[in-house]
Amino acid sequence: MKKLFSYKLSFFVLAVILFWAKTYLSYKTEFNLGVKGTTQEILLIFNPFSSAVFFLGLALLAKGRKSAIIMLIIDFLMTFVLYANILFYRFFDDFLTFPNIKQSGNVGNMGDGIFSIMAGHDIFYFLDIIILIAVLIWRPELKEYKMKKRFASLVILSGIALFFINLHYAEKDRPQLLTRTFDRNYIVKYLGLYNYTIYDGVQTAQTETQRAYASSDDLTSVENYTTSHYAKPNAEYFGSAKGKNIIKIHLESFQSFLIDYKLNGEEVTPFLNKLAHGGEDVTYFDNFFHQTGQGKTSDAELTMDNSIFGLPEGSAFVTKGENTYQSLPAILDQKEGYTSAVLHGDYKSFWNRDQIYKHIGYDKFFDASTYDMSDENVINMGLKDKPFFTESIPKLESLKQPFYAHLITLTNHYPFNLDEKDASLKKATTGDNTVDSYFQTARYLDEALEQFFKELKEAGLYDNSVIMIYGDHNGISENHNRAMKEILGKEITDYQNAQNQRVPLMIRVPGKKGGVNHTYGGEIDVMPTLLHLEGIDSQKYINFGTDLFSKDHDDTVAFRNGDFVTPKYTSVDNIIYDTKTGEKLKANEETKNLKTRVNQQLSLSDSVLYKDLLRFHKLNDFKAVDPSDYHYGKEKEIK
């Protein structure tokens with residue numbers, strides 16, 4: 001037993017230690033994983049160890065020298081995965097995915113430049129293999145020893161156990177890590193590069209399977225639905241924004257109850273209140289709801305730019321990032337010659353934006369790397385809203401007009417922290433820190449927005465621009481109902497929670513008078529609304545929403561979980577309420593038909609995403625977006 005440990009097991013232990021060391025060092029030196037806090041650092045140290053024990057432990061099932069050779073082969077394959085990601089990250093500032101490998105638009109674009117991003121110190125990543133080969137040559141006695149399969153199985157099971165311990169603490173630090181899949185960086189940071197590769201492979205296989213069995217016949221029911229639900233444009237508004245810039249402003253986690261709300265007698269959002277009452281000739285939709293699922297912000301982006309719902313689980317931005325889309329920026333480009341851009345104070349890989357934006361057809365993506373991310377400018381998820389808006393002005397000025405620009409704010413994001421010097425409003429006093437802090441960050445966002453309007457005017461961009469402002473999703477979850485009862489002065493029942501899913505939608509169209517519009521609608525309706533304002537008929541495109549200004553608008557608002565709201569009925573968990581009074585009602589033929597329609601709408605939208613059906617939807621005057629035509633940031637710098 002002593003010799004067994006000395007030779008065979010010591011070779012395994014040496015392989016594990018060397019492999020762990022090079023992987024951990026690569027995490028620290030090659031990748032920008034954004035590790036924060038002790039827990040994340042411990043997990044970063046731990047995750048290469050669990051991977052090494054499991055994968056290298058598989059070789060222990062073989063006998064003698066063959067075991068060591070298999071261990072070397074496994075080590076080499078894992079090193080290949082590591083080094084391929086290192087090179088890819090140096091070029092694209094992102095991790096490899098299986099779709100990347102198949103796409104010439106990403107890996108192929110590296111071309112001869114791959115040699116320019118190799119470095120002399122890269123030999124370090126193969127040093128452990130050289131050491132292990134030397135040990136194998138100089139210690140031939142390895143071939144004499146056999147290990148019991150029971151012991152080898154115990155090692156492998158230990159690797160699996162270590163992974164689940166890793167996963168437990170990762171999920172504790174970042175809930176819904178795998179179901180929502182925020183960012184490839186997060187998966188690598190928490191679970192490791194090798195587990196990320198497996199995860200990506202499984203996700204890709206699932207997507208490819210669904211896609212492989214789809215055909216153009218599957219699109220027929222979708223086309224029938226969208227054709228029958230088409231709402232023709234309102235002549236008063238159709239084409240009223242033609243040729244004008246569109247500036248779409250995303251208010252992070254902003255709910256409509258903040259509009260006109262006073263905290264201790266003081267308005268929380270005085271500028272937005274002014275806009276909501278027709279200031280700057282803004283039209284305010286006060287019965288507008290978010291329709292996001294687990295994908296939250298990414299679902300809102302997807303829905304508003306494509307008029308399709310996010311998925312029932314996870315984020316379509318991540319899992320369906322390679323799909324074909326008939327998006328608003330692509331249509332505006334091909335029909336009216338618009339330049340499109342996203343401006344955001346977070347890094348581009350979050351929510352897989354750097355990949356899916358290429359499939360949506362955004363010409364430019366200004367992420368955190370293009371802004372001043374010094375400590376005084378950053379809080380919570382990224383860049384503070386005031387410097388974000390100020391620094392965005394020259395970026396907007398650089399765009400060829402007309403442009404469609406999407407600006408995504410961040411400061412009003414959970415946990416709603418704010419530096420004391422930036423706070424102009426005292427916190428609420430419910431005792432729930434999340435709710436109490438929410439009002440401070442909402443006020444800061446309101447001030448930043450007012451500043452942005454002034455800066456747009458000073459830059460000469462205001463007069464010729466449609467400005468759309470929207471809240472992406474709720475900021476306060478049901479976990480805070482006690483505090484919200486105190487804030488709103490009413491019990492937060494299931495009915496009231498559904499009403500609380502209202503988020504603001506404000507649209508300023510130059511030359512059109514503003515005011516309050518009581519139409520019921522949701523994020524699914526934004527794309528056809530903007531198309532009609534631009535004078536582009538939405539009828540031939542696959543839209544699950546309808547124009548908010550149309551007299552034929554469908555005012556049934558479907559939530560991602562199958563609940564719904566109309567001006568007359570609210571349905572939560574199949575219980576029907578009167579929308580105006582909250583009184584419980586008995587289900588009737590009308591509510592049953594509404595439920596059937598909502599389920600059909602969600603199901604058909606899911607089918608479009610799961611089966612990538614828009615690749616079959618051919619239009620004479622619309623060309624499918626080619627992602628290889630788009631390049632963002634760092635990947636263009638290497639020649």
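Heads up, the Cβ atoms here are built off N, Cα and C, so glycines get one too.
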Same Mn(2+) site per Swiss-Prot - residue from Glu252, Glu266, Glu336 joining Thr297, Asp472, His473: Glu252
Check: Phe98 and Ala330 same membrane side, Swiss-Prot record: yes
Chain residues in Cβ proximity to the transmembrane segment (68-88) (below 8 Å; excluding those fewer than six residues from its ends, i.e. six or more beyond): 8, 11-12, 15, 19, 22-23, 26, 30-31, 51, 55-56, 58-60, 62, 94-96, 100, 107, 110, 114, 117-118, 122, 125-126, 128-129, 132-133, 136, 142, 193-194, 197
Cβ contacts under 8 Å made by the transmembrane segment (151-171) with residues that lie 6+ beyond its boundaries: 12, 39, 42-43, 46-47, 49-55, 57-58, 60-61, 177-178, 190-192, 195
Cβ-Cβ neighbours of Thr297 (active site) (radius 10 Å): 25
Shell list (Mn(2+); ref centroid = CB of Glu252, Thr297, Asp472, His473; cutoff 8 A): His250, Leu251, Ser253, Phe254, His290, Thr292, Lys296, Ala300, His413, Gly471
Chain-internal residues near Asp472 (Mn(2+) binding site), provided their CB is under 8 angstroms and they sit 6+ positions away: His250, Leu251, Glu252, Ser253, Phe254, His290, Thr292, Lys296, Thr297, Ala300, Glu301, Val503
Same-chain residues at least 6 beyond the ends of the topological domain 'Extracellular' (25-41) whose Cβ lies under 8 Å from its Cβ atoms: 48, 82, 86, 89-90, 93, 124-125, 169, 172-173, 185, 188-190, 193, 347
Rounded mean pLDDT for the residues that make up the topological domain 'Cytoplasmic' (138-150): 64
Cα-Cα distance linking His473 (Mn(2+) binding site) and His413 (substrate binding site), given in Å to the nearest integer: 11
His413 (substrate binding site): tally of other CB atoms within 10 A of its CB: 19
